[in-house]
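Q: Dropping a structure here in structure tokens format, bear with me for questions.
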Amino acid sequence: MFKGPQGFALFVNVAMNIVLGIVLTVFVDISIEMRLGVHFMTVEAVVGTFISSFCVGFTAGTLVPAMTWGMKLAGLFKFRPGGLGSYLCCAVVLGLCMGICITFCNFLIAGLGTKGLAGAMADIMFNLPVVLILAVIAVPIFLRPVQLLAAKVSGFDPAKAEKAQQH
């Protein structure tokens, strides 16, 4: 299941969405509690939000070519492929894309039926800055370790494959 290039990509997608799901769920819930002064964080709410976040994030990670966009942006800045600048471009673009997708979808799912579109959009705008900051911090921290683990599990290392292709 996690072998080869597709297995590498699947492992990274699953692992990063577990990480982002935990980070975003806990810190967004804490942020909302702090801003509103109301305690509402329960185990059930955290688990439900994590599951929703993972499902949305996995779908977005499969359908949105954020890494490709990040590599193109790194190319525009003439960052060396595989270098720190290139990595940070890819990680920040991935964090922004995932943060936006997860925020919009989760708050639409949570609020559309009870608050209507205007209420859901208000929740999105209220929480989007916090989510984007968290995602742009979390993705660069966790992406590289997840990629290294994915390379070991899948037997596929994109850096080695790229070097072999150049020769």
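Note that Cβ sites are derived from N, Cα and C of the backbone, with glycine treated the same way.
Below, the features straight out of TrEMBL:
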TRANSMEM  6-28  transmembrane segment
TRANSMEM  40-64  transmembrane segment
TRANSMEM  84-112  transmembrane segment
TRANSMEM  124-143  transmembrane segment
Q: Would you mind listing the long-range same-chain contacts of the transmembrane segment (84-112), meaning Cβ under 8 Å and 6+ residues beyond its ends?
A: 16-17, 20, 24, 49, 52-53, 56-57, 60-61, 64, 66-67, 69-71, 73-74, 77, 119-120, 123-124, 127-128, 131-132, 134-140, 143-144
Q: Are there residues at least six beyond either end of the transmembrane segment (124-143) with Cβ under 8 Å to its Cβ atoms? List them, or say none.
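A: Cβ under 8 Å, 6 or more out: 12, 16, 19-20, 23-24, 27-28, 31-32, 35, 87-88, 90-92, 94-96, 98-100, 102-104, 107-108.
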